[in-house]
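Asker: Sharing a structure, written as structure tokens. Questions coming.
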Amino acid sequence: MGALNQTRVPEFVFLGLTENWVLEILFFMTFSVTYMLTLLGNSLIIVTIFFTPRLHTPMYFFLSNLSFIDICHSSVTVPKMLEGLLLERKTISFDNCIAQLFFLHLFACAEIFLLTIMAYDRYVAICNPLHYPSVMNMRICVQLVFALWLGGTVHSLVQTFLTIRLPYCGPNIIDSYFCDVPPVIKLACTDTYLTGMLIVSNSGTISLTCFLALVTSYTVILVSLRKQSAEGRRKALSTCSAHFMVVAFFFGPCIFLYTRPDTSFSSDKMVSVFYTVVTPLLNPLIYTLRNEEVKSAMKQLRQRKVFS
């Protein structure tokens, strides 16, 4: 291990989003606002759910966890990206790079598992409403959240171990604005075909399996809605369509980036920006704009603060 550390590169250099300084300034201003709105929007959802007793239900418990994950997920990459947009030379130490990719995969995998659990929650609520209180009580919800963090940690440790065990002795330029497993292992001073396949199979299996489970859940829900009343159908469709929009925005980039072999596309950076910067902002917008209960709770909370 000592010999490996002696030959290991001390830092990586990001190429960033663009070399045009005017675009960098525009990106900095745009993404700074986006990041602040992400923090504000998701924090507002967490606070609203916490201080509104009628929202202390499994669905909103999971929604508050989703907002927490979105805050963490965007905070792994966006601050470093914003710093890089202001610097001519964009660098990150080897240890910080490994830490960044570890937490990136931890929060991304946790979100994948959480979205799958939320789909299951909606399936039970709509298709088996009589059994819902016993199947999805708060004790089970807490256990499911613990399980998703455990699963995310195991996945992230596997990805990090497969990356860090490789020798990095020469090239250190990453054509991106953050550290992720695929671009980092390309810089290893050894053949990475087997490692790359293991990484793709690990991420790809999780993404595709959960996505198929989600599609199956929502398909069963849609079929079962034919037996519901018009009002029940409207409420269920409103909730499920919001969930499915979040799933599409999150899983689309995940599947595009992590389920293919060692190849790069010119669109990778744009997809990564959407996945790490835009999606965490869209989640609170989708859930608040389409959810009357959350909007009503926010309004009441605001009035309570004003008149208290």
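Cβ atoms are placed via backbone N, Cα and C, with glycine included.
OK, TrEMBL features for this one:
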TRANSMEM  25-52  transmembrane segment
DOMAIN    41-287  domain 'G-protein coupled receptors family 1 profile'
TRANSMEM  98-120  transmembrane segment
TRANSMEM  140-158  transmembrane segment
TRANSMEM  206-225  transmembrane segment
TRANSMEM  237-258  transmembrane segment
TRANSMEM  270-289  transmembrane segment
Asker: Mind pulling out the one from 25-52, 98-120, 140-158, 206-225, 237-258 with the most Cβ pairs under 8 angstroms to the transmembrane segment (270-289)?
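Answerer: Per the Cβ under 8 Å count, 237-258.
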Asker: Looking only at the domain 'G-protein coupled receptors family 1 profile' (41-287), what is the model's average confidence as pLDDT?
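Answerer: The predicted confidence over the domain 'G-protein coupled receptors family 1 profile' (41-287), as a mean pLDDT, is 87.
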Asker: What stretch, picked from 25-52, 98-120, 140-158, 206-225, has the most CB pairs under 8 A with the transmembrane segment (237-258)?
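Answerer: When the Cβ pairs under 8 Å are tallied, 206-225 comes out ahead.
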